Structure formats: structure tokens, C-alpha cells
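Peer 1: Mind looking over this structure? Questions follow.
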């Protein structure tokens, strides 16, 4: 056990690998070269098409203990991972690791295969039941939670090697060229899969929409793809949307959004060339709407919108408020349609989006990002992975990446959830370090990290309710009372890897 | 500036809803009217007034004006409302159905008695009478003069249209006479005038149009049924940038005039005298509340040294 710089106890190793305790957001310098994979040769006349997933898995040479990956661009509408795992189980393989870009509640179907030993563990974070059961001790499998940029880093540096990448390809030709723009399972950007295609030993394109050669535009080229398999259905794109895509009408949410947009205006960042990221979700979209109105009013021409892209950002692009969208993942159908028709809606890989170990990621160019939280502590550390019951329920996404990259990261959250205060002495799990968080906005006040002293002064001048974060906490706790601390066992059920590969926190089994 | 209180937005909050009461501190309306009258079903009248009392007692860090709309004094709940709620020190009482000066005088007397009993300053509790019937509108002048506790007159269109046996329209043409009569009474007495609610919470354009009309007529604020309406109302009542700039020039000009020993001076070819200065001062106070100017101008700047 060692303490990391945020005071969290980090074991020396986890799932057979030594761990590096987190130190600070920017210090670790990578060594060596990017990972390699075998050279290949395909001669004229070669047929990449195979008739079934089973045949493709056999051809890939997948063996016990190897690692597979899928992308999560279809989010909770993905059918592929469940089918692959069922096929692997039917083939009698054991001890397979999953290094997908994310795992969603729909993948709870694979839980029996975790229990039976077909699946050994996760080199990625998980959303939903798998994490909950792991934290309760009902499921034993290591989980290494990574940020989007951190996952790209781990694959590119080779600390995670993907043996076989299965890529859901909504529009694909028989030689493996693909994009996500068109077809019945269109999901838009294939930003996560681009990493898998480039670094996996074997790449299998799986499609429900085989079109004549060549697919254009090419998101992932034929040169990276070994096999092509046609299935009846990749997924249900209607389920890409995981949260609401409408601006909230809840007065509390609107109050938070109003404060957040005033913080952005006060920051001085809202000028020509402004770059911006928000998630989906009612409060984020309400902030986006207010920012849009402010940009219109001030005739401000932004630079780019980034991240998971929503129809809201598409409208802003088409209105001329941004000159480009940098899209690693589409969050709704409007975004999917836009990326297929608008050249200024640029698909980017997870590497380009957020990897800390390259010559510069897009997040480094962000002015402002709006992020959520399940909890925040008085040192501005943020939890998005676990809920206040201690269960691991959410993956990190690009949270820590954008917080570290953007000039100003703003957390928006209601001060009370259920009956619990959002600001704590200590968050249950640290996902994103407080030193990368600029401002916490709740309906009861705005807390500014002291590194943004000028912004704080300006907010006070504008008569916004600026409060010391401890004062904000006291005020909330006067309403809610102080919750009893959770109790945990020693057993570590998941580690939270920071984007640079160091360990920022661990998730322990909850004492029930 | 003594006694000046910005009342652009007066938000109704039902007195029987704990989840809404606990959010009162967070909304940036100027005043809240906690309702014990129409929003509260008969079966909850008693519970609600005790809930409101507890809430007020715990709300120590007050950041807005707190008014309580009691039940009319001729009902069996009105007096009890006062008795339970006043010890928790609201800023004032919104009196529904204030149809005659006598009704307000009665409340004034009761408030004085409670103030003596509670050993607080006489006049501490303000009164915001609701003129919401034909009779109330006719009696507006008398009502405005019925008590020194009255800081504003409020016009209530829902009950007014019911008493007139007419429908309330989106454009509100049928309210014009009543609105102006309430205004005259308020302005003649030198108090504020608060416009009626706009009930359609989803119609922000309608709200904006009605608020603009009210402001143009001379109303200084509006009652609201949902926190989402605050932003539009504040936006309408916010002085325009050019108005603020002009007001600053007026104050500067009049100060210059005083140095020259006169109370009148020309600014951009127009005469600046006391009424112009008064208007400019009002613009700057509102601008200050909106964060558009950094300092509150002092009394001396307006009236000159004694």
C-alpha cells in the first residue's frame, strides 16, 4: 500500500500488474515508442469475407487469456459484444479480457460468462450492473477504469494489447473500408474504434450493411482490417441516446445552467475563437443554449465544439457559431446525420481527442468544458464513477481528459441528490483531481478553485453567489444533515486509472 | 436611497410544499410570496402555516424579501395564519381581496397588536394589498392611503376578470383600465405597483410581451408563478445600456451644476433638472441591482448637500 498525492491508499499491484500512485496531472513523461503489431501481406484476389462470427473468431486465432475489444459508439444499443461473448463461450474459450472502449447496461447479458470464467476481467470501465455486482462482492473480476484518452494511451503505448478487435461497422465494404455514417445501425463517428483498428493484432469488421467497394468516406481503411463478417443487426441506434436530449425545464437545473453560463461570460473566454464542450443531459444543454444566445447577442464566432456531439452543437455549427465540430462520438441521431453530410463536422480518434501521450490532443485546445459529478469534495476532487452508496455505476468517459485540457472546467450539479449533499469532505471515489477543476456550480452557490482568483473576483463583482466550497458544503448540510460515512472492506474490486496511467483511486467492496 | 427596495419579481411559492420551500433561498427573485391561500387545499391550511413558520425560523441567512399571502381576514383561517407566521418574522403580508380601505385598516391594527406582543418595532411588517376585484380597483386610491405599511399595490387579474365576468386574453386589452387605475393610485401615493401573474409557464414570449407592457405603463414589478419566469422579467426590467450611460451623464451634469451654484443644467441640448435627476437615480439603482454599475450613488449626488 502506498498513498497517492491525494491521500488515497493504492495497492502495489492489481490483477498481476504493478501500480503507479497518482502524483499530479501533468508530470509523467512517457518513455519508448508506440506499440507495434505484426506486418501483414494480402495478395490480389484474397477474400476477407467470412461467413460467421464463429468463423472469424477461429480465424483470428483467439486463445484462452487473450484480450478482445469492441467500441461503444452504439452505446446502450450495442448488440455486438453480447454476441461475441456468447460465441466465445460456445467455443469453450476461457479467461478472455475485455478492453472495449466502454461497457453499458445492455451488456449485463455477459454476467453469466463472467461467473463461469469465460470472461476474466475488464481493461475498461463499466456502466451499470456489472460494476454494481462487483462492488457488492457478487462478481469477481478485475476492472481497470480508464478515461477515453487513457484507454487510447494504454493501447497505443502497449500496456494493454488488444489481440482481436471486433469493430461494429455500420457501413462497410468487402475489403474492410468502413464508416459509421450510413446504414440501419449508423452511429456516426468511429473515433474509439480507430485506435483498436490501428493497434490490435487482428481486426474483424462486423457489419449489417455491406455496400459495394469502396466505402467513402473512409473512417477506418482496408489496410487495417483482416476479416469482414456480415450479421443481421449490429444494434439499435435509437438507444445511442442515453440521457435526455432536451433542455431541462426544472427550475433548479435552469438556475444552475444560468450561473454556469454567467461564469463562462465572466471568464473572458467567450470571444471569437471560443471552443467548448458539454455533455448531453438537461443541465448541460441548458448551458449550451444560454451560451448560444450569448454568442448570437455578441456576434461571437466560435472555433470548435468538441466531444460527444449532440444535435445542439450541430445547430450551432450550422448557424455559424462554430467553424468546426471535433467529434469522437455522436450522442444522438442529429449528430449522426450531420457527420455524414457536413465536412466541417470532423471525425477524430480517441487518440486525437484526449490521449495525454501524443504531440497534443484536442482537449488541450478547449477553452471551456461543462462536466457533471456524482460528488465533489472540498478540495474540488470529483467523483463520477461511484454513487454515494459506493457502487461502481459509471465509466469515466472524457471527464478527466477534458478537465485537464481545458482552460476552464466547470462542474454543474444540483446541491442535493435524493436527500444527500453533493459536496463532501471526501468523495467516495476520486475520478478527476481537484487541481484540474476550475469552478463548481450548484443552485446554492458557485465555488471557485483558488487558482482562478481573477475569475472569482469578476464573479463577485458581477454579484454572483460566490462561496467558499466549505461554506457551500455547510450550507447544503444544514438542509440535508451530514450523511453517515459508508463502510468498505479491504478488497479492491476496481482501480481508477488516471489518464496518464497512474492510479488516482481504487473502488473497494462495500460492507453490506 | 433609504427605503428603496427593488421589487421586479415576486415569486409565489405554495406554503404546503416542503420541496419548493427549501429551494426559496436559491432563486434570485427580489421577493417571495409564500402562499397560504389559493395554493393550499382546505385540509392542509393548518399544516401549511406551521410548515411555513418552521421554514422561516430556519431561514436565517435571508437573501430576499419574504412575504406571506394569508387567507382573507373574513375567513376562519386568516387570523390564525397571522398568529402562527408572524413570530417567524416575515417581511410583510400579502393581503388578498383587499377590496376596501377598511379591510386593510383592520390588518394594520392586527399587525400593530402583534408587533407590540412580539416586542418589535411598530411598522415592521409591511402590507402588499391585492386589488383583484372591480370594487378593489375602484377603491384603489383609498386603499393606497389606508396604511403607512403599504409599500406597493398589487393588481390581481385572475380574480379581477372573474369579478368582471370576463375572460382574460393573451393580449390583456380587457385589463387596461384596471391596470392604469391601480397605477395612478400607487404613483399618487409614491409607492410601487406590482403587476399580475402570467399563468402560462411555457409561453415565455407572452410573458415578455405582458411584462414589457406593464413596464411601459409604469409597473415596477410582476408576480410570478414559476422560477423559470424570473429571468425574462428581470431582463425586461433591466435598464438598457444606453439608459445607464445617459443616467451617469445626468448625475455628472447635475453635480457640475451644483458646483456652479445652480440646480439646472443643459446636457446634450436638453434641460436637466430635478425630475430628470430623479429618473436617472432610479435607473442607476436598478442598474446596480443588475450588476451594470459598480457603485450605488449616494443621496447627496441626487439632492445635493444640505
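In case you wondered, yes, glycine gets a Cβ from its N, Cα and C as well.
Not measured: the values here are computed from a predicted model.
Below are the features I grabbed from TrEMBL:
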BINDING   B:69, B:132  substrate binding site
BINDING   B:132, B:159  Mg(2+) binding site
DOMAIN    B:8-227  domain 'HpcH/HpaI aldolase/citrate lyase'
Peer 1: Between residue B:132 (substrate binding site) and residue B:159 (Mg(2+) binding site), what is the CA-CA distance rounded to a whole number of Å?
Peer 2: 5
Peer 1: Using a 10 Å radius around each Cβ and all protein chains in view, which of these binding-site residues has the most neighbours: B:132, B:159?
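Peer 2: Sorting the candidates by Cβ neighbours within 10 Å, the top entry is B:132.
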Peer 1: How far is it from residue B:159 (Mg(2+) binding site) to residue B:69 (substrate binding site), counting Cα to Cα, in Å?
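Peer 2: With distance taken Cα to Cα, residue B:69 (substrate binding site) is 15 Å from residue B:159 (Mg(2+) binding site).
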Peer 1: Relative to the Cβ of residue B:69 (substrate binding site), which residues of the same chain, six or more apart in sequence, are found under 8 Å away?
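Peer 2: Once residues fewer than 6 apart are set aside, residue B:69 (substrate binding site) is near B:12, B:33, B:34, B:35, B:36, B:37, B:93, B:94, B:95, B:96.
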Peer 1: Taking every residue in the domain 'HpcH/HpaI aldolase/citrate lyase' (B:8-227), what is their average pLDDT?
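Peer 2: Here the predicted model's pLDDT, averaged over the domain 'HpcH/HpaI aldolase/citrate lyase' (B:8-227), is 96.
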Peer 1: According to DSSP, does residue B:159 (Mg(2+) binding site) fall in a helix, a strand, or coil?
Peer 2: helix
Peer 1: Going by DSSP, give the three-state secondary structure for residue B:69 (substrate binding site).
Peer 2: strand
